[in-house]
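Over in TrEMBL, the protein carries these features:
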type: DOMAIN; residues: 31-240; note: domain 'TLC'
type: TRANSMEM; residues: 41-61; note: transmembrane segment
type: TRANSMEM; residues: 81-99; note: transmembrane segment
type: TRANSMEM; residues: 111-128; note: transmembrane segment
type: TRANSMEM; residues: 134-154; note: transmembrane segment
type: TRANSMEM; residues: 166-188; note: transmembrane segment
type: TRANSMEM; residues: 208-230; note: transmembrane segment
type: COMPBIAS; residues: 248-261; note: compositional bias 'Basic residues'
type: REGION; residues: 248-288; note: region 'Disordered'
type: COMPBIAS; residues: 266-277; note: compositional bias 'Polar residues'
Amino acid sequence: MLVAIIIHAIIQEYVLDKINRRMHFSKTKHSKFNESGQLSAFYLFSCIWGTFILISENYISDPTILWRAYPHNLMTFQMKFFYVSQLAYWFHAFPELYFQKTKKEDIPRQLVYIGLYLFHIAGAYLLNLNHLGLVLLVLHYFVEFLFHISRLFYFSDEKYQKGFSLWAVLFVLGRLLTLILSVLTVGFGLARAENQKLDFSTGNFNVLAVRIAVLASICITQAFMMWKFINFQLRRWREHSAFQAPAVKKKPTVTKGRSSRKGTENGVNGTVTSNGADSPRNRKEKSS
């Protein structure tokens, strides 16, 4: 946690603060820019690190390793260090709420955000589902990295929207892949395993109640994220529609041709000219 706090401060002082001074962001954009800058750096580093572990341990070539030989209570040094680093980073986010002077109205959202990460990472670590947890984390981090890096480009140029369109597609695909991998591992792979007895000494939690709880927590979290995603897209669509809608201007009333000609003959901008005073109609009225 202390190392994460120090790295957080270094990125903030030597990178993000210098960019903020050049761009002159408002207070709202300033806080969002700092949040996206910190998270994009963390997501990129974690995604590269997690992918390296997946390749080195042959997860991609043999997907059955996600449930085979459960419980996975023996981990390599890289795997264990990865999980310890993830827990340390998200625990360090609590004091960072004070250091970053987060607004009171933003604190509940941040607490829910941090709590969900800690709940799922700690759950995968304690239930010896570290193989499945690693795959899902890498998948999720990649999608989140794309969102935050797109938001950074958006702050520098508000016309930049391509990154958000790509992120929207990958977000939905990421949720589908998360559900498919979870159901395949927990609902089919572990359900067909021979050893299905609760044993704390060996770290075996492969029982029906635990499997249902794991799948329920993953499905509820994915549904919650999709609900937030749909609201976000609807809000962006309304803002975009309001921005693109042309301003309605009132058209000036057009009078008949004869009256308009009379107006131009009788005067300019409402003033009567000498020619108007000596018009044929006026001479006729005088003679009568």
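For all residues, glycine too, the Cβ spot is worked out from N, Cα and C.
Counting Cβ pairs closer than 8 Å and at least 6 residues apart in sequence, the transmembrane segment (134-154) and the transmembrane segment (208-230) reach fewer than three and form no contact.
In the predicted model, the domain 'TLC' (31-240) has a mean pLDDT of 91. Contact counts against the transmembrane segment (208-230), taken as Cβ pairs under 8 Å, peak for 166-188 among the stretches 41-61, 111-128, 166-188.
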